[in-house]
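Participant: Got a structure here, written out as structure tokens. Questions coming.
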Amino acid sequence: MPKTISVRVTTMDAELEFAIQPNTTGKQLFDQVVKTIGLREVWFFGLQYQDTKAFSTWLKLNKKVTAQDVRKESPLLFKFRAKFYPEDVSEELIQDITQRLFFLQVKEGILNDDIYCPPETAVLLASYAVQSKYGDFNKEVHKSGYLAGDKLLPQRVLEQHKLNKDQWEERIQVWHEEHRGMLREDAVLEYLKIAQDLEMYGVNYFSIKNKKGSELWLGVDALGLNIYEQNDRLTPKIGFPWSEIRNISFNDKKFVIKPIDKKAPDFVFYAPRLRINKRILALCMGNHELYMRRRKPDTIEVQQMKAQAREEKHQKQMERALLENEKKKRELAEKEKEKIEREKEELMEKLKQIEEQTKKAQQELEEQTRRALELEQERKRAQSEAEKLAKERQEAEEAKEALLQASRDQKKTQEQLASEMAELTARISQLEMARKKKESEAVEWQQKAQMVQEDLEKTRAELKTAMSTPHVAEPAENEHDEQDENGAEASAELRADAMAKDRSEEERTTEAEKNERVQKHLKALTSELANARDESKKTANDMIHAENMRLGRDKYKTLRQIRQGNTKQRIDEFESM
């Protein structure tokens, strides 16, 4: 039995190990990979490897793996990557896994600056990436620094703004919070809908020369071929939709494109190496085939996939709605519980206050009772003294009378009687004054006792009211394959039919233009970042983008502009560049 060969395939989010036979073809390995990851939209993808000359190459599906220019190492290393891009992600990408693989690959391209992305769009895209990873923002879970381990912005953007990590996190967090209620899968799709409007999205660039020898860029994408000046890969100058091309071929470094318009000359350019022309041919064939397929009714398989995807999405939405409903119920229950706890605490506090007031009133009552007793004792003492003085006065009166009688009876001498009379009169006067003073004091004490008695009655009434307040009970708790071409030339007929006249892509608008929410977010971010921007660190692409914005250009307006005029006019324009 022949010895097996170890193979390692790296997808955007996983690493797969396989053992293949020496006679295993590229298609057999590819089929094994897509089956393992559960991918059905296989037409976008391919297996990439570094050949013996360190060039990045796509594995040919119709040849044995071992017969290709793969480095002889163990295990053999391949990357599973998107080779072709859709025109419109929301219309064409059906499965969640397809959307996720595109999302991860596009995000990597943006973060590595392979796809130019302006700062404000980069921050908005970062917030969707965060929503797809973490779900809804939760301040209890997503504490300060929760994005510290994530690479979310291109290094260029970080260097162009005077903001530290915390300040960047704050800005991304604000937009993360804006996406509350959005499913992770929907966040992925929203990311791609904005990213596909970036000028460099989905474009394969090749360095070419025209007949004059001018160095230019050829851009191959889902919509056709575009020509760029050497110093500007954002703004194509001439465009040829796939519907205008009937044949593509190369002979060594010369590449020839024959237009459908028989009156138009051939579109000829030169690549620096034969292998580049082979790759251009393969990409043209694959993109053209997908372009034509999109303009025909969906196959039964695609219809079934779309129906299944709709059903799965509906199921997820139902589950999400159920979860949201349960979450709301739980939150309401928590709030009700908190409210009851709060009311309970308030009532307990009130009860405590009443108890303290009652205790204080009791103490005051006791104090007033004590004072009342003291005043009563004082009153009795004053009364007793007044009675004693009255008695003494009476006795003095009696003595006086007796003396008077004795003077009459005994005829004492006038001087003696006068002296005794004077003494007694003085004594009576003193006793009378003392009596009046004591009576005055008794009246004063009587008034004080009366006031204390009134305070006592009032306190008793307050205590009675406090004690009669009902006891508060504690509330109860609620709860294509690259054509295998060994030779230096190859040709491919690009079939066309009535559907080829469908150039609906020229009517498209950007997500920002048709989505008011995205437009508002981008304007707010542009304004917010302007104050922190270091103008001295602007790149050439930044300046080109700014100029395009000033002139009101976007990807689709430029597309319409560069396709104006007939094919001959555009080929002549290419030759004169």
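Any Cβ shown, glycine's included, is placed from N, Cα and C.
Here's the feature list from Swiss-Prot:
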type	residues	note
COMPBIAS	358-401	compositional bias 'Basic and acidic residues'
COMPBIAS	492-518	compositional bias 'Basic and acidic residues'
DOMAIN	2-295	domain 'FERM'
MOD_RES	S74	phosphoserine
MOD_RES	K79	N6-acetyllysine
MOD_RES	K83	N6-succinyllysine
MOD_RES	Y116	phosphotyrosine
MOD_RES	C117	S-nitrosocysteine
MOD_RES	K139	N6-acetyllysine
MOD_RES	K165	N6-acetyllysine
MOD_RES	S407	phosphoserine
MOD_RES	S527	phosphoserine
MOD_RES	T558	phosphothreonine
REGION	322-342	region 'Disordered'
REGION	358-419	region 'Disordered'
REGION	468-518	region 'Disordered'
MOTIF	115-120	motif '[IL]-x-C-x-x-[DE] motif'
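I would like each feature placed in context: is it buried or exposed, what are its neighbours, and how far apart are things?
Facilitator: Around S74 (phosphoserine), the same-chain residues at least 6 positions away in sequence with a Cβ under 8 Å from its Cβ are I5, S6.
Around the Cβ of K79 (N6-acetyllysine), the same chain contributes V9, T10, T11, L47, Q48, Y49, each under 8 angstroms and 6 or more positions distant in sequence.
For the recorded site, K83 (N6-succinyllysine), the DSSP three-state label reads coil. Long-range Cβ neighbours of K83 (N6-succinyllysine) (same chain, at least 6 residues apart, Cβ-Cβ under 8 Å): F44, F45, G46, Q48, W58, L283, G286.
In the three-state DSSP scheme, Y116 (phosphotyrosine) falls into the coil class. If you take the C-beta of Y116 (phosphotyrosine) and look for same-chain residues 6 or more apart in sequence within under 8 angstroms, you find L198, E199, M200, R233, L234, N541, H545.
Cβ neighbours within 10 Å of K139 (N6-acetyllysine), excluding its own Cβ and spanning all shown chains: 9.
In the shown protein chains, 11 other C-beta atoms lie within 10 A of the C-beta of K165 (N6-acetyllysine).
The number of other Cβ atoms within 10 Å of the Cβ belonging to S407 (phosphoserine), over all protein chains shown, comes to 17.
On its own chain, S527 (phosphoserine) has no residue at least 6 apart in sequence with a Cβ closer than 8 Å to its own Cβ.
Following the DSSP three-state reduction, the secondary structure of T558 (phosphothreonine) is helix. Cβ neighbours within 10 Å of T558 (phosphothreonine), excluding its own Cβ and spanning all shown chains: 19.
Counting residues per DSSP class in helix, strand and coil order gives 59 helix, 0 strand, 3 coil for the region 'Disordered' (358-419).
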Participant: CA-CA, which of the modified residues K139, K165, T558 lies nearest S407 (phosphoserine)?
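Facilitator: Minimum Cα distance from S407 (phosphoserine) across K139, K165, T558 lands on K139.
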Participant: Taking Cα atoms as reference points, rank the modified residues C117, K139, K165 by distance from T558 (phosphothreonine) and give the first.
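Facilitator: Result: the closest of the modified residues to T558 (phosphothreonine) is C117.
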Participant: For the region 'Disordered' (322-342), DSSP counts of helix, strand and coil?
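Facilitator: So the counts come to 21 helix, 0 strand, 0 coil.
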Participant: Given K139 (N6-acetyllysine) and C117 (S-nitrosocysteine), what distance in Å do their CA atoms have, once rounded to a whole number?
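Facilitator: Between the Cα atoms of K139 (N6-acetyllysine) and C117 (S-nitrosocysteine), the distance comes to 29 Å.
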Participant: Can you check which residues sit near C117 (S-nitrosocysteine), meaning Cβ under 8 Å from its Cβ, same chain, 6 or more apart in sequence, and list them in order?
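Facilitator: Those within reach of C117 (S-nitrosocysteine), by Cβ under 8 Å and sequence separation of 6 or more, are I110, L125, P154, V157, A195, L198.
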